[in-house]
Amino acid sequence: SSFFYRMGGRNDTKVMYFILLGFPTPAELQLLLFSALLLVYLLTVLENFLVILTIWNNPSLQKPMYFFLGNLSVLEICYVSVIEPKMLSDVLSPAKRISVQGCMAQLYFFVTFVCTEYFLLAAMAYDRFVAVCKPLQYPLIMSHSFCAHLIAGSWMCGLTTSSIKLSFIAQLSFCDVDQINHYFCDISPLLNISCSDSSPAELADFILALMVIMLPLGAVVTSYLCIMLTVLKIPSSQGRQKAFSTCSSHLAVVILFYSTTLFTYAHPKLMYTYRANKLVSVLYTVVVPLLNPLIYCLRNKEVRFAMRKTFTCRR
């Protein structure tokens with residue numbers, strides 16, 4: 001996984017491949033783990049594809065909230081497809097190798113999709129704020145062009161953040177150690193095996209992680225505080241329940257995604273623990289994308305009705 005070259009009278013090693021250690025699994029359990037992961041991956045892609053198809057085919061769902069939900073499903077299909085196919089192949093492979101270029105590509109796309117999802121969830125929170133707190137102005141404020149700008153802005157923030165982070169990571173040197181104690185190429189494990197000074201990359205990663213998490217999180221918290229104050233002013237309990245039910249699915253998704261990623265990324269490298277981070281990473285790379293479509297569909301009558309209408313034969 002490396003080659004030697006002479007520099008300054010000594011042998012140095014430049015890593016050409018990384019070995020992803022992943023989760024140590026006994027040989028008799030590897031096939032079971034592979035089957036479980038494959039099932040979860042296929043279900044995740046299928047669920048999100050069904051959500052996209054339902055929104056696309058139903059005029060009743062041509063609303064900003066479902067426009068954002070459709071884009072979230074597209075994002076999550078991309079997001080899990082960056083991590084899980086390689087993860088699946090490594091379960092059965094004794095080598096578990098990934099080239100340095102492949103590792104950087106996986107890292108780039110993973111960071112892009114994660115950061116985009118932060119901003120997209122914040123845009124969805126703003127949509128719910130306008131719907132509940134300014135219902136009469138909702139069609140005017142949440143126009144199709146404005147929603148498209150919010151989506152494009154989310155992607156631009158994700159792409160910009162990942163480009164900056166990768167520009168720092170690409171400057172690091174990897175010498176003697178070629179083992180990454182993770183199941184995919186993530187920033188903290190790479191920082192930990194670098195043989196060069198990683199403090200600039202670590203500082204940039206920490207600052208960007210705080211910005212990318214805290215700014216959207218601030219927008220989400222502010223939106224929901226305003227929603228809560230507005231809902232509490234509604235005189236009837238039925239009216240309050242109806243107003244909050246439009247936000248409950250999104251709030252559940254936000255709590256799941258932000259809590260797991262905040263634990264992983266909003267701390268310096270010195271506080272990094274391999275076992276805890278790998279377990280939490282499974283939550284937001286495998287479990288959360290599987291649960292998100294279920295949360296939206298099970299708690300949203302309009303989506304459930306549209307799905308039945310789309311996928312059942314009518315007399």
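Even glycines carry a Cβ here, placed using N, Cα and C.
Taken from TrEMBL, the feature domain 'G-protein coupled receptors family 1 profile' applies to 47-296.
For 31-53 (among others), the entry in TrEMBL reads transmembrane segment.
When Cβ-Cβ distances below 8 Å are used as the criterion, the transmembrane segment (65-83) is approached by residues 41, 44-45, 48-49, 51-52, 55-56, 106, 109-110, 113-114, 116-117, 120-121, 123-124, 127-128, 131, 144, 147, 150-151, 183-184, 246, 285-286, 289, 292-293, 296, 303 of the same chain, each at least six residues removed from its ends. Annotated transmembrane segment per TrEMBL: 65-83 (among others), in sequence order.
TrEMBL lists 107-126 (among others) with the feature transmembrane segment. If one looks beyond the transmembrane segment (107-126) by at least 6 residues along the same chain, the residues whose Cβ comes under 8 Å of a Cβ in the stretch are 65, 68-69, 71-72, 75-76, 78-79, 82-83, 150-151, 153-155, 157-159, 161-163, 165-166, 169, 184-187, 190, 212-213, 215-217, 219-220, 223-224, 250, 253-254, 257-258, 261.
Per TrEMBL, the feature transmembrane segment maps to 138-156 (among others).
Residues 115, 118-119, 121-122, 125-126, 128-129, 132-133, 157, 161, 164-165, 240, 243-244, 247, 251, 254, 258, 261-262, 265-268 of the same chain lie 6 or more positions beyond the ends of the transmembrane segment (206-232) yet place their CB under 8 Å from a CB of it. Per TrEMBL, the feature transmembrane segment maps to 206-232 (among others).
If you look up TrEMBL, you'll see 244-267 (among others) marked as transmembrane segment. For the transmembrane segment (244-267), the residues of the chain that approach it from at least six positions outside its boundaries are 65, 114, 117-118, 121, 124-125, 128, 131-132, 187-188, 206, 209-210, 213-214, 217, 220, 224, 227, 231, 276-277, 280-281, 283-284, 288, 291-292, 295-296, 299-300, judged by C-beta separation under 8 angstroms.
Look at TrEMBL and you will find 279-298 (among others) tagged as transmembrane segment.
Long-range contacts of the transmembrane segment (31-53) within the same chain: residues 23, 25, 69-70, 73-74, 76-77, 80-81, 84-85, 87-88, 91-92, 286, 289-290, 292-294, 296-297, 303, 307, 310-311, each at least 6 residues beyond the stretch ends and with a Cβ under 8 Å from a Cβ of the stretch.
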